[in-house]
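Quick notes on the structure that follows.
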Amino acid sequence: MPIDRAAARAGAILTIDLGALRANHQRLQQELGAVPCAAVVKADGYGLGLEQAASALWQAGARSFFVALPDEGLRLRRCLQEAQIYVLGGLFAGAEPDYVESDLIPVLNSLEEVERWSAQARSLGKSLPAALQTDSGMSRLGLPDSEVECLAAEPQRLAGIETCLIMSHLACADEPTHAQNAEQLERFRWARERLPAAPASLANSSGIFLGQVFHFDLGRPGAAHYGVNPVPGKPNPMRQVVHLQAKVLQIRSIDPGRAVGYGASFRAPRPSRIATIALGYADGFLRCLSGRSFAWYDGQRLPLAGRVSMDVVTVDISDLPEDRLRPGDLVDLLGPQQGVDDLAEQAGTIGYEILTSLGRRSHRIYRDD
Ligand SMILES: *Cc1c(COP(=O)(O)O)cnc(C)c1O
């Protein structure tokens with residue numbers, strides 16, 4: 001039963017286990033050996049709360065943090081004064097003073113950004129730190145080979161910039177046998193030789209598990225911290241961090257042939273009991289999970305019946321003993337029996353999207369024991 005009034009007012013309860021988050025950082029650090037492990041906390045700490053996640057990861061030993069946007073960097077700086085904070089999205093034009101004032105390190109992705117950061121440094125009469133990202137094969141962000149060659153030929157373009165990291169990002173690290181992993185490794189080494197001597201970083205969560213040659217000087221995992229399996233197809237070495245429960249609002253018995261939910265997409269094949277649960281796609285429980293996912297109660301798997309609505313989802317509880325489940329009780333949507341990756345598979349997506357969708361309206365509880 002709900003333990004406090006905020007929980008009593010909520011439909012869904014998202015419990016985030018900060019101890020598991022710290023343990024996951026230590027597990028990743030163990031995999032990296034002597035190479036330090038940074039923490040990627042973009043998108044509000046993958047949806048779990050930037051400040052809470054970052055503080056826990058700092059406690060666990062992380063000293064370098066990566067966000068996507070300068071706005072996220074400002075927020076993170078207010079909670080971690082000592083951390084190194086990198087902004088993956090680059091140097092946003094017009095926001096240069098914010099990077100300087102909040103001591104954010106831009107990940108420079110183009111010559112144009114290099115030029116603006118160098119100009120900023122020269123106008124302040126001091127050197128400014130930056131990471132240089134090279135495009136080793138993702139064709140998304142980073143200096144293309146031609147711009148790497150340009151910096152090699154004209155190193156004065158980096159005047160005033162203290163290069164503290166050379167980095168790139170892997171496209172296929174979750175497929176260890178994919179040929180692109182070795183190709184990107186080669187292209188990254190090629191670029192590194194042409195850029196100022198600095199520590200290097202290539203591996204995201206899955207990249208760490210590709211082996212030591214991918215580790216360089218800094219690991220850069222995000223998803224694995226939050227419980228997503230970095231080695232798909234193999235047992236998950238990470239601990240589950242999130243637990244999503246939702247409240248039973250009403251239970252009804254229906255006759256065979258009766259329809260449930262929008263579009264009448266489910267019709268009861270037998271006399272059925274249907275529980276309506278206070279969780280919908282507005283809570284990030286994706287509508288495409290309709291007819292594909294399950295709620296769990298007391299170790300029992302209960303199939304969704306009909307479409308996921310904005311605020312509620314309906315579940316066939318006919319297999320539970322009568323009166324076992326009552327209005328106000330909580331069922332599990334993410335828990336020990338059904339993890340983030342399971343839900344992602346049912347939805348035809350990845351754990352990353354499940355995590356970042358959750359929690360906008362759920363009542364959050366941060367467990368720390
Ligand atoms: C998101 C991101 C990461 C972290 O990736 P995970 O797969 O979540 O570990 C690392 N580097 C870059 C550039 C990213 O965008």
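Even glycines carry a Cβ here, placed using N, Cα and C.
Following the DSSP three-state reduction, the secondary structure of K42 (active site, proton acceptor) is helix. Under a cutoff of 8 A between CB atoms, and with a sequence separation of 6+ in the same chain, the neighbours of K42 (active site, proton acceptor) are F66, V67, A68, L69, E72, L88, G222. Per TrEMBL, active site, proton acceptor is recorded for K42 (among others).
Annotated N6-(pyridoxal phosphate)lysine per TrEMBL: K42, in sequence order.
The substrate binding site annotation in TrEMBL covers R140, M310. Within 10 Å of the C-beta of R140 (substrate binding site) we count 10 further C-beta atoms, all protein chains included.
Across the residues of the domain 'Alanine racemase C-terminal' (241-367), the predicted structure has a mean pLDDT of 97. TrEMBL lists 241-367 with the feature domain 'Alanine racemase C-terminal'.
Residues or ranges marked as active site, proton acceptor in TrEMBL: Y262 (among others). The DSSP secondary structure for Y262 (active site, proton acceptor) is helix. Annotation for Y262 (active site, proton acceptor): same-chain Cβ neighbours under 8 Å, separated by at least 6 residues, are G306, R307, S309.
Reduced to three states, the DSSP call for M310 (substrate binding site) is coil.
For M310 (substrate binding site), the same-chain residues 6+ apart in sequence whose C-beta sits under 8 angstroms from its C-beta are G280, Y281, A282.
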